[in-house]
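J.: Sharing the features that TrEMBL gives for it:
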{"type": "DOMAIN", "residues": "1-178", "note": "domain 'Plant heme peroxidase family profile'"}
{"type": "REGION", "residues": "1-20", "note": "region 'Disordered'"}
{"type": "BINDING", "residues": "P22", "note": "substrate binding site"}
{"type": "BINDING", "residues": "H52", "note": "heme b binding site"}
{"type": "DISULFID", "residues": "C59-C85", "note": "disulfide bond"}
{"type": "BINDING", "residues": "D98, T101, D106", "note": "Ca(2+) binding site"}
Amino acid sequence: TVKLGRRDSTTASHTLAETDLPGPFDPLSRLISGFANKGLSTRDMVALSGSHSIGQAQCFLFRDRIYSNGTDIDAGFASTRRRQCPQEDQNGNLAPLDLVTPNQLDNNYFKNLRQRKGLLQSDQVLMSGGSTDDIVLEYSNSPRAFASDFAAAMIKMGDISPLTGQNGIIRTVCGAIN
């Protein structure tokens, strides 16, 4: 059950977004601490990262990764991504975060990480010999565990610093101020 009626801000802060949101190049330690600073566990962070089973990223966010010839990326995956993302220019070209089911929230994102096919560096660090590997393995093997943990983490995230009283508004259309 998702709570209804959460108050949203009537303004946006680019500075606040830059400091509070995880970045596509963040190392695992920074991802863990950033989520912890908001009261979310490492498990919550990994589950919420599963939202990257939907959506796309712009070329400039993963270019270095696909041209690095690093050991943390599948060579065939990198080659496929290079077709739409040349070494220079075309920064806005898009690539799906999940090649298998790019429009479906599922556990293929975690299966991709096991195969070194995480598009963003901040995705692949979840399965890189660190403390989150076991969670990635669990979610890749159990769509049910991922779905349950994702739902619980989304509810927890919705409870972070809620606006109350006369602060903020309850929007009738989520993408616009009433």
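Glycine residues also receive a Cβ, built from the backbone N, Cα and C atoms like all the rest.
Just so you know, TrEMBL annotations are computer predictions that nobody has curated.
Each of the listed features needs to be described in terms of its position in the shown structure.
T.: Distant neighbours of the region 'Disordered' (1-20): 34, 38, 154-155, 158-159, 162-164, 167-171, 174, 177; these residues of the same chain sit at least 6 beyond its ends, with a Cβ under 8 Å from one of its Cβ atoms.
Over all protein chains present, the Cβ of P22 (substrate binding site) has 15 other Cβ atoms lying within 10 Å.
With a cut-off of 8 Å between CB atoms and residues at least 6 apart in sequence, the same chain places L97, D98, Y109, L119, L120, D123 near H52 (heme b binding site), listed in sequence order.
Less than 8 angstroms from the CB of C59 (disulfide bond) sit Q84, C85, Q90, N91, G92, N93, L94, A95, each of them six or more residues away in the same chain.
Listed in sequence order, S53, N108 are the same-chain residues at least 6 apart in sequence whose CB falls under 8 Å from the CB of T101 (Ca(2+) binding site).
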J.: Express the predicted model's confidence over the domain 'Plant heme peroxidase family profile' (1-178) as a mean pLDDT, rounded to an integer.
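T.: Mean pLDDT for the domain 'Plant heme peroxidase family profile' (1-178): 92.
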J.: Would you count the other CB atoms within 10 A of the CB of D98 (Ca(2+) binding site), including those on all shown protein chains?
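T.: Taking every protein chain into account, the count is 26.
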